[in-house]
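The next block holds one structure in the form of structure tokens; read it before the comments.
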Amino acid sequence: QFFVFCHGLLQLSQLLVSGYLKSSISTIERRYGLSSQTSGLLASFNEVGNTLLIVFISYFGSRVHRPRFIGCGAILVSLAGFLMSLPHFITGPYEYDQSVASMFSNTTDLCQPGVPGSRGNLSDAGCTPYAARENHEVLLVMFIAQALLGIGGVPIQPFGISYIDDFASERNSPLYLGILFSVTVIGPGVAFMLGSAMLRFYVDIDKVAGDDVQLTNKDPRWVGAWWLGFLVAASLVAISAVPYFFFPREMPKEVGERDFPVVLLRNLRHPVFLLVVLAQVNLSAMVAGLATFMGKFLERQFSLTASLANMIIGAVNIPGAMVGIVVGGAILKRFQMSLRQCSAMCVLGMFLCLLVAFPLLFLGCPTQKVAGVTYSERYQQLQLSWEQGGHSQGCGYPSSPAALLRCNCPEKAYNPICGSNNIEYISPCSAGCRVVNIDADNSVLNYTNCSCISENGFAGFAKPGTCGTGCSHLFLPFVVLSCLAGILASVSHTPSFMLILRSIQPEDKSFAVGIQFMLLRVLAWMPGPVLYGSAIDTTCILWEKKCDRKAACRYYDNNLFRQR
């Protein structure tokens, strides 16, 4: 029972490290200009180190001191967590386009018709050979950390599961594994809550004074302190690793030597084992993609801050899945189910999950009106007006001829504002705004004298930040249905594990769990986030450009994003 407690704690901490990356993925994309495909590859890269070793480590599982191996793996996981935060300390402060000159820059993205020639902006200012090399170094460090995280995680789950199943009674084993899996599910939940807390702090909290930051966490340019959570999580893993060096080996005597290929083939040819693992692969691929990008999805569909999106996932969706796992384990123990009943329970859970999840295809918001990006009727009228000698200063997308010629807009500026006409502009300059009003603490109140925002024949005004998608009434039904679908799918978790553990030969248990986790990683956890990220990238309608390459996505087609 003490081992179950320790193992639950360790898996919670381990998943805190890997789950925290998923909670801060949209922030890291924004900070380092990554596409969703790249961030998806980063999120799944820990599975590479894991996959290379898991089958062989599991094969030797019955012959080695399992608790000590688990402890060594945990130390590696902790090291990986500290490495993940390193890019913050080896790069300069975060820079963003702004309307008010500051310690970072004396450029402004207001409309300045009198200024000859095209003005530079921060997107281009950072485009030096050093900046490009710095970006490559950041990615290299993160990919190495992810590989280490995977290698460290190899012994933790297979050895822990087989160790518990070896020494627990047949009656109690499902309960212990149910407890273990439910505690394990809390890990990502706590990770998203940790992300929610940390992303409220500004990324350079250790480098710049609070007064110099002109952003709030509702601003689309805001980057939170993503690196802080890795320091917390890595420290917890290091503490959790200590007890494993004091557990006894306690292994029953092996009966005869086994041959690796024979055991591998015996398990892969077992129809129950293979079918259950393939079913788990399909479910896990979906979970891997959702876990990585659900936060980003909620941010874009319902105009939430990264902090709030993480809090919803950590406080609602993941506890829902945990409830499902516990209920599944409790039903197994209460009714002492046969293998046939276990499989029936899995099928029922999945079928009900599909029914509940189907309406999610339709619960969401279209992209807000963004001048020159998703909305052009008014933009075209103003262009025409200018060409005919009107007073429009060039509206909408900043690289339009009018905007460049008349306002001299920085071509790649990104500082979204919401016009009084409820249309979003990607910078004050692209809305033709000439005046910025500042409050006492040096933050932007509003922009006025905006020639592209016409109200009753007069120039309108705009507020800083995005207009939002404006369908918050659909948010609650979405959360309720997605949580319910998660509960129903999770009910099958423990029964499916019991199908595997009870259908194979007892001496193959550790090895079979290893094969299972390898197949899950190769076929689900590795490709899942990359495929999801690639699908999300296909729905982008405006990319940020850094040094003439595509960086992070500014705007998505929300309907396509949701459906794909």
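In case you wondered, yes, glycine gets a Cβ from its N, Cα and C as well.
Taken verbatim from TrEMBL:
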type: DOMAIN; residues: 401-451; note: domain 'Kazal-like'
type: TRANSMEM; residues: 41-62; note: transmembrane segment
type: TRANSMEM; residues: 69-90; note: transmembrane segment
type: TRANSMEM; residues: 138-163; note: transmembrane segment
type: TRANSMEM; residues: 175-203; note: transmembrane segment
type: TRANSMEM; residues: 223-247; note: transmembrane segment
type: TRANSMEM; residues: 268-291; note: transmembrane segment
type: TRANSMEM; residues: 311-332; note: transmembrane segment
type: TRANSMEM; residues: 344-364; note: transmembrane segment
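For the transmembrane segment (175-203), the neighbouring stretch richest in Cβ pairs under 8 Å, chosen from 69-90, 268-291, 311-332, is 311-332.
Under the criterion of 3 or more C-beta pairs below 8 Å, with sequence separation of 6 or more, the transmembrane segment (69-90) and the transmembrane segment (311-332) do not qualify as touching, having fewer than 3 such pairs.
The list of residues near the transmembrane segment (344-364) in space but at least 6 beyond its ends in sequence, with Cβ under 8 angstroms from a Cβ of it, reads 279, 283, 301-302, 324, 328, 331, 337, 471, 474, 477-478, 481-482, 484-486, 488-492, 495-496, 499, 558-559, 562-563.
Sequence-distant neighbours of the transmembrane segment (223-247) (same chain, 6+ residues past either end, Cβ-Cβ under 8 Å): 3, 6, 9-10, 12-14, 16-17, 20, 23-24, 27-28, 30-31, 67-68, 70-71, 74-75, 77-82, 84-85, 87-89, 94, 191, 194-195, 197-203, 205, 217, 306-307. On the 0 to 100 pLDDT scale, the model's mean across the domain 'Kazal-like' (401-451) is 80.
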